[in-house]
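Copied over from Swiss-Prot:
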type	residues	note
COMPBIAS	9-36	compositional bias 'Basic and acidic residues'
LIPID	2	N-myristoyl glycine
MOD_RES	4	phosphothreonine
MOD_RES	5	phosphoserine
MOD_RES	6	phosphoserine
MOD_RES	19	phosphothreonine
MOD_RES	24	phosphoserine
MOD_RES	25	phosphoserine
MOD_RES	40	phosphoserine
MOD_RES	96	phosphoserine
MOD_RES	101	phosphoserine
MOD_RES	108	phosphoserine
MOD_RES	148	phosphothreonine
MOD_RES	182	phosphoserine
REGION	1-44	region 'Disordered'
REGION	68-163	region 'Glycogen-binding domain'
């Protein structure tokens, strides 16, 4: 009776509504709520949809990793070259660095190239060639548990130490005030005017060294007739012509190749 009176008093305080009792196992007298079984066919579509979205989830995590790295420490962007050598008509690049959006590549002869400024770290990417997703087997790859294969690239600071050093040197040498400049004074542009006495001058006399043509010299009896004597260095790289005989002009030139001298003859009919 004590319990009945206490329940009745509680009902009066709650407006006459009585909450359902629960047993020791947590069940309600009004009926148990439906439970989702792990192996029931009702949740098969749920797990199937999760398996389908797993690659997209992995790509999203890779993209999210790049965003977290950028938020933590804004690393310096480094020029990175992407090249596709597998042929095709239209090639696009997609990666974790651009939220897996398609970026067209520029055609260069038989290759497709793109240069992007990427922060330091690891980045995944793929190629979209003529409507098909593929990866470059000649570059490093990473494979997920579901078999998704992506190319991976490591952008390291050490790969650009030479360029950084050159940039520092160029900045140090940017001040050219200490360099020698042109002498002070006015500068003009005046055309050359030949003097009247220069017009009637005869051509200069041929230097005597060029008169000693090796083709005009007689070879000694003890020498090989196929070999010519060693020419003087002033005779090199000059064109010599023989007087025209029987309608044929003969031209010759001597060149030096290391320690050897080669004389070439050209016969031209006229």
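Even glycines carry a Cβ here, placed using N, Cα and C.
Known features from Swiss-Prot, placed on the structure.
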residue: 96; record: phosphoserine; Cβ within 10 Å: 24
residue: 101; record: phosphoserine; Cβ within 10 Å: 10
residue: 108; record: phosphoserine; Cβ within 10 Å: 9
residue: 148; record: phosphothreonine; Cβ within 10 Å: 17
residue: 182; record: phosphoserine; Cβ within 10 Å: 6
Using DSSP and three states only, what is residue 96 (phosphoserine)?
helix
For residue 148 (phosphothreonine), identify the closest of the modified residues 96, 101, 108, 182, judging by Cα separation.
96
Mean pLDDT for the region 'Glycogen-binding domain' (68-163), rounded to an integer?
85
Under a three-state reduction of DSSP output, how is residue 108 (phosphoserine) classified: helix, strand, or coil?
strand
Summarise the region 'Glycogen-binding domain' (68-163) as counts of helix, strand and coil residues per DSSP.
15 helix, 47 strand, 34 coil
Which of the modified residues 96, 101, 108 has its Cα nearest to the Cα of residue 182 (phosphoserine)?
108
Cα-Cα distance linking residue 108 (phosphoserine) and residue 101 (phosphoserine), given in Å to the nearest integer:
22
